[in-house]
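As written in TrEMBL, here are the features:
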type     : residues  : note
TRANSMEM : A:6-27    : transmembrane segment
TRANSMEM : A:34-54   : transmembrane segment
TRANSMEM : A:60-79   : transmembrane segment
TRANSMEM : A:91-110  : transmembrane segment
TRANSMEM : A:141-160 : transmembrane segment
TRANSMEM : A:190-211 : transmembrane segment
TRANSMEM : A:223-251 : transmembrane segment
TRANSMEM : A:258-277 : transmembrane segment
Amino acid sequence: MQALYAQLLVGLINGSFYALLSLGLAVIFGMLNIINFAHGALYMMGAFVAYFLLNLGGINYWWALLLAPIIVGIFGMILERTMLQWLTGLDHLYGLLLTFGIALIVQGVFQNYFGSSGLPYAIPDQLKGGMNLGFMFLPVYRGWVVVFSLVVCLATWFLIEKTQLGAYLRAATENPTLVRAFGINVPRMITLTYGLGVGLAALAGVLSAPINQVRPLMGADLIIVVFAVVVIGGMGSIMGSIITGFALGVIEGLTKYFYPEASNTVVFVLMVLVLLVKPTGLTGRAA
Amino acid sequence: MPDTAIAEAPARAATGGPILQVRNLEAWYGESHILHGINFDVNAGEVVTLLGRNGAGKTTTLKSIMGIIGKRSGSVKFNNQEIIRATSDRIARMGIAFCPEERGIFASLDVRENLMLPPVVRAGGLPLDQIFDLFPNLKERLGSQGTKLSGGEQQMLAIARILRTGASFLMLDEPTEGLAPVIIQQIGHTIARLKKEGFTILLVEQNFRFASTVADRYYVVEHGKIIDGFSNSELAANMDKLHTYLGV
């Protein structure tokens, strides 16, 4: 039974990363209509920025949680301003190819300088150790990742669904020309939205660093699964991405316990089933 | 809204001088040349109507003034400021508001969010209680999804949301299209009240009978050019010509 709970916890942690990453992808796709294949590389950059901040600047984990998303978010905004904005109105394929190319370059550069092996990033002192819950032993840091990710996801959902800024974003997703004709600087809003989505990826990278170590290909390993999560949840659906992210993490964890051979493929099998039954995803709307 | 409020409301613009001057306005959709040198003025406090058949270039004229058409040339001056090269968000912030033909109600937003969406660009916009006085239906439907409203209610919402912004110059593109006669009458009353409030209105209409109840002057657009113009007092003398222009 202990093993089942342990796999559930692993599933929840993976689900946290899936949720944060797919949320960023959903925000970017909803607003920019771009399938951001560079998301995994930007997640990796978040982890590396935290590593650099600690080892070069002596800046600890807590500050990295704030600074890394901002730094990588600014990098994302530069990418959007210099490259992605020119793809407005073009077929999705162009955005996919461009961001895939960006991902290859970023990962290649990091691999060139840091190799493929992982660099250690220590768990902060405050989050070391664990708690005995009676039925299982819960490492504090892993519990923190789940709770913090959930809070960030819900805060992002609130921002988009319940605030005036979110109303601008949702309206601009439907009809950017008219929103701009109301006096809102839509291009600037798009840049900031891309920065927000990238920042979420970087935040996931920082959270992941103490668990998975810091590796140039850490994002490449994850991004394919995250895309499956987004497809299952429904492209552009905020709450769909959050729920699907956590749910699929748990399903993956349970599969590891009951039928380990299928744990790497269960997400993709589910994706196929969902696409067969509901091609727009579980919570997505038809175009 | 009580009539006293209208009487006491400060004029949004001093009547008389041209608030909008359009000269040699040309516009293109891709390679298609749509406007071929549009010239007209709108004076402060007036309701001016652009008449013309389908595809004549009326909507393109409004969109070009609003900066929505990417490829355009000529001169458009608003309050003596050249805006031909300005982006649409900047034009909106100068005090021009646009209500599109398709109404532009956002499906992902409820009525309240649709109403509050355009930012206030300057002081002098109508407060919400006055807007609800003009359009009482909207107050009862605030929580509904925007696109669940009837066609008439959607049109009211589309007009209502630009009245909040403080824009003094309103461009309404076919506000009566597809609406029942009783709703058309209500829209007509609203435009008349807005005129009394000091708004300047540029209207695009195919419904000439409706336009004649609210307009001060008319311009006729054909093949991307203004081919005629007259005031409301000259209307009777121009009816035959107008019927020919509009094909009615």
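Going from the start of the chain as shown, residues are counted 1 onward.
Positions of Cβ are set from backbone N, Cα and C atoms, glycine also.
Any TrEMBL annotation is an automated prediction that lacks curation.
Of the Cβ pairs linking the transmembrane segment (A:190-211) with the transmembrane segment (A:223-251) and spaced 6 or more residues apart, fewer than 3 are under 8 Å, so the two regions do not touch.
Pairs of Cβ atoms less than 8 Å apart link the transmembrane segment (A:223-251) most often to A:6-27, out of A:6-27, A:60-79, A:91-110, A:141-160, A:258-277.
Pairs of Cβ atoms less than 8 Å apart link the transmembrane segment (A:91-110) most often to A:34-54, out of A:6-27, A:34-54, A:60-79, A:141-160. Listed by sequence, the residues of this chain that lie at least six past the ends of the transmembrane segment (A:6-27) yet keep a Cβ under 8 A from its Cβ atoms are 35-36, 39-40, 43, 136, 138, 142, 145-146, 149-150, 152-153, 156, 160, 193, 196-201, 203-204, 207-208, 211, 222-223, 225-227, 229-230, 233, 235-238, 240-242, 244-254, 256-257.
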